[in-house]
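A.B. asks: Below are the structure tokens for one structure; questions will follow.
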Amino acid sequence: MGNITADNTSMNCDIDHTIHQTLAPVVYVMVLVVGFPANCLSLYYGYLQIKARNELGVYLCNLTVADLFYICSLPFWLQYVLQHDHWSHDDLSCQVCGILLYENIYISVGFLCCISIDRYLAVAHPFRFHQFRTLKAAMGVSALIWVKELLTSIYFLMHEEVVEDADRHRVCFEHYPLEPRQRGINYYRFLVGFLFPICLLLASYRGILRAVRRSHGTQKSRKDQIQRLVLSTVVIFLACFLPYHVLLLVRSLWESSCDFAKGIFNAYHFSLLLTSFNCVADPVLYCFVSETTHRDLARLRGACLAFLTCARTGRAREAYPLGAPEASGKSEDPEVLTRLHPAFQTPHPPGMGGSPAGGLS
């Protein structure tokens, strides 16, 4: 608890941080333990997709890199909450960790939106828009997303984000009640960083489901499987990001007193913790549902066991290499969403007979 001060002016906000300081370490440790290895494997899977000239791998690698940047900032935030919300490092490190914390949300939303649009074009328009489904196009879009968020982060570097409370604790990225300068950037975050991308994402997945329902060559069990995956993706996306952005908007519209700040503090910080779980959900949804990933992970495990056996016995032993997609053309492996087990298959144009194609090209 403490009176938050900013620019040497007391805000007189006595806010109880107990619930936040209890929940945050649990969430941060969980995301560190599960999210770091999961995202490292996700990065490997994205590399295989890029090696196979699949544009999906570009988005997946960028999404994973953003998650790993955020995960790397978690030890600092863990230390912060364990020290009762006291930032023991310099001001610049607070700004950098704050940028990694908050901008990761919008970088993730951007790349999740790109993945959904790419899958929509692959399923609903498999014979059109090839110019948008190339490595060059994916790298260009990815660069725009990073530049957009880097420019936004300059705003935070221009303002002081470390302030002292009445207990002489240096709090980082916490201003209660909300400062007037923060409202504009919060409206931008809500409208441009969240609302617009999620409308695109929902429209894309709706188009995917419509295209699959119209596909006569896809079995009902596979259609049901696709529907479950799409719905799971949307539900997890909304669960991770919607509560935070609703409360961010509420704070920006109505938080002008300490009483309001104290009333919304726990709910707001709980919603912020929910966004952390996206770092764990991303690799699970977009990589580990693939049969190919299961096979590669099994081979990786076999190679590791073989290596350990060699080291223990001192005898040379052959280890099977990891499987990788073909180096030329599109991957023959199941693609995320569109080749799930291999549930998503390219619809044939009207009048074209035979069973559906084995995958997207």
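Cβ from N, Cα, C; glycine included.
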A.B. asks: Which residue in the list Cys199, Cys240, Cys258 does Swiss-Prot annotate as forming a disulfide bond with Cys13?
C.D. replies: Cys258
A.B. asks: Tell me if the membrane topology in Swiss-Prot places Leu308 and Gln131 on the same side.
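C.D. replies: Both on the same face of the membrane, per the record.
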A.B. asks: Looking at the disulfide bonds in Swiss-Prot, identify which of Cys94, Cys97, Cys240 pairs up with Cys172.
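C.D. replies: Swiss-Prot says the disulfide from Cys172 goes to Cys94.
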A.B. asks: If you run through the topological domain 'Cytoplasmic' (50-53) with DSSP, how many residues end up as helix, strand and coil?
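C.D. replies: Here the numbers are 2 helix, 0 strand, 2 coil.
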A.B. asks: Cys13 (disulfide bond) to Cys94 (disulfide bond): how many Å between their Cα atoms?
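C.D. replies: A Cα-Cα distance of 21 Å.
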A.B. asks: Under the DSSP assignment, what numbers of helix, strand and coil residues are found in the region 'Extracellular loop 2 (ECL2)' (161-176)?
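C.D. replies: So the region 'Extracellular loop 2 (ECL2)' (161-176) is made up of 0 helix, 6 strand, 10 coil.
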A.B. asks: Taking Cys13, Cys94, Cys172, Cys258 as the disulfide-bonded residues to compare, which has the smallest set of other Cβ atoms within 10 Å?
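C.D. replies: Comparing Cβ neighbour counts within 10 Å for the disulfide-bonded residues Cys13, Cys94, Cys172, Cys258 gives Cys258.
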A.B. asks: Among 13-49, 54-84, 219-254, 261-289, point out the range having the most Cβ pairs under 8 angstroms from the transmembrane segment (90-125).
C.D. replies: 54-84
A.B. asks: Can you find at least 3 Cβ pairs under 8 Å between the transmembrane segment (54-84) and the transmembrane segment (261-289), where each pair is 6 or more residues apart in sequence?
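C.D. replies: Yes, the transmembrane segment (54-84) and the transmembrane segment (261-289) are in contact.
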